[in-house]
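Working notes, beginning with the structure itself.
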Amino acid sequence: MANFNTHLNGAFAVSGVLGLTVYKAGLINDSGFLMCVALGTIGGLLPDLDSDNSTPIKLGFNIASFIFAFGLVMHWRSELSLVALIALWLAGYGFMRYVVFRLFTSMTVHRGVIHSVPYMAILGLGLTCLNYYGLHNPLSISWFYGLFLFGGAMVHLSLDEMYSVNLSGMTLKRSSGTAMKFYQHKDKQWYLLLYVLLALLVYAAPPFAPFWEQLRDPTHWAQLKVGVLPDLIDNLNR
Ligand SMILES: [Zn+2]
């Protein structure tokens, strides 16, 4: 199992690079970029959210809550008054810190269930639905938020998987194959519940096709190609 710092850095690095890529492609704006990186980083911490390794997780969650609150304020900075923004900041922080975090730590009994692909898929899809239906965010940003959260969590599970491989002899340790979990027989009722929930969310989720079309739109990637390297060619031509 990878440790807390590895998870924090790994998720931050991956979501940072991916976030920058879609940002440079013009698919998300400034605040969207910030939120995507924050959500990816939070996602990278979520699977280990249990009371056993409390201190670093709590610290990480505190920081993540601050970033989340900051992202919220950035998102609505032009529409809301100063007082409303301060209230939003506090509410956002409090929501993450005292509602979301509590909710997770209260479910620690079933660690094996949290540390799994379907659980994280539910969180990602849930976030997409919340953004699209609840906060009335545009379709693409709603999908990006959910995917970054899910992606961060997948970075976490992959890191755990990699760390369970004994690199010196390339032999598999006993813990191998348990990180990237889709199902575990001893928790079969829990997994049944998870997959039912997931199916409901897939059914209720906002349409994916228009988002996918937008993602595949070549104009975005042409724009990215222009901006991917410093203006070397320009300088050489001069
Ligand atoms: Zn883990």
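Just so it is clear, glycine is given a Cβ too, placed from its N, Cα and C backbone atoms.
Listed in TrEMBL:
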type: TRANSMEM; residues: 27-47; note: transmembrane segment
type: TRANSMEM; residues: 59-76; note: transmembrane segment
type: TRANSMEM; residues: 82-104; note: transmembrane segment
type: TRANSMEM; residues: 116-135; note: transmembrane segment
type: TRANSMEM; residues: 141-159; note: transmembrane segment
type: TRANSMEM; residues: 190-209; note: transmembrane segment
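Long-range contacts of the transmembrane segment (82-104) within the same chain: residues 46, 49-50, 58, 61-62, 64-66, 68-70, 72-73, 76, 114, each at least 6 residues beyond the stretch ends and with a Cβ under 8 Å from a Cβ of the stretch. Most Cβ pairs under 8 A with the transmembrane segment (59-76) among the ranges 27-47, 116-135, 141-159, 190-209 are made by 27-47. Counted as Cβ pairs under 8 Å, contacts with the transmembrane segment (27-47) are highest for 141-159 among 116-135, 141-159, 190-209. A Cβ distance under 8 Å defines the sequence-distant neighbours of the transmembrane segment (141-159), meaning residues of its chain 6+ beyond its ends; these are 2, 6-7, 10-11, 14-15, 18-19, 22, 27-28, 32, 35-37, 39-48, 115, 117, 120-121, 123-129, 131-132, 179-181, 206, 208, 211.
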